[in-house]
Amino acid sequence: MSPKTTIVLLLQGLSLFSLVLASDPDPVQDFCIPNPTPTTIHPCKDAAEATAGDFVFSGMKTPGNFSETGFASIPVNPATFPGLNTMGMSFVRADFKPGAINPPHFHPRATEIAHVVEGRLYAGFVDSNNKVFARVLEKGEVMVFPRGLMHFQMNVGEVPATIFGSFNSQNPGSQRIPSAVFGSGIDNSLLEKAFGLSSKEIVMMRRKFDPKATVKP
């Protein structure tokens, strides 16, 4: 085997190894129904006590509670759907009234696949070179949002829209960009310099994205 071939195979192996590390670990048993205890770790209850109901979730039949902006979401994870525990996946149902948006956000621990069940949505993501990949999705179409990249959706139709999203992590995490920037405790002076905004404008943005925050101009 030539040195060049050896290097190529080594790089391919390292690439595959990094992909394995980038997802949730594989389950080491058929299933693990979490024992209902008040901890962040979900220990398994005895397999003999599992029922068919542990593997069925009925909470996505109808939309969730809509916000003032016309957006509603129902996240589904082991906390609400016990059968997902240790399976390395989770789901979400998102509903949009006409004109409603799911603002720019990202999932630090998962890639998302979104399936348009009803309506038309302008959707896309931005890569690490700040290139946007976006288009209008029709009913029945699917789009993938790579792990850790900022993405968004907006209902561009005249009727409500619905998407079902799936994640390759049982705890994908979610950070909305506006809330992460202006709804957190980042120093005002840094935000002023970063965005070219005045102190009063920063205060206005903080009040919009973190109503509980106490900020002064």
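Cβ from N, Cα, C; glycine included.
According to TrEMBL, the features are:
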{"type": "SIGNAL", "residues": "1-22", "note": "signal peptide"}
{"type": "DISULFID", "residues": "Cys32-Cys44", "note": "disulfide bond"}
{"type": "DOMAIN", "residues": "58-203", "note": "domain 'Cupin type-1'"}
{"type": "BINDING", "residues": "Asn102, His107, Glu112", "note": "oxalate binding site"}
{"type": "BINDING", "residues": "His105, His107, Glu112, His151", "note": "Mn(2+) binding site"}
For the recorded Mn(2+) site formed by His105, His107, Glu112, His151, name the remaining residues of the chain with Cβ within 8 Å of the site's Cβ center, in chain order.
Phe106, Phe125, Phe145, Leu149, Met150, Pro172, Ser174
Check: same-chain CB within 8 A of oxalate site center, minus Asn102, His107, Glu112:
Val92, His105, Phe106, Ala114, Phe145, His151, Gly165, Phe167, Pro172, Ser174
Could you tell me which of these binding-site residues, His105, His107, His151, has the greatest number of Cβ atoms within 10 Å of its own Cβ?
His107
Given His151 (Mn(2+) binding site) and His107 (oxalate binding site), what distance in Å do their CA atoms have, once rounded to a whole number?
9
C-alpha of His107 (oxalate binding site) to C-alpha of Cys44 (disulfide bond): distance in Å?
26
Of all the binding-site residues given, namely Asn102, His105, Glu112, which is spatially nearest to Cys32 (disulfide bond) at the Cα level?
Glu112
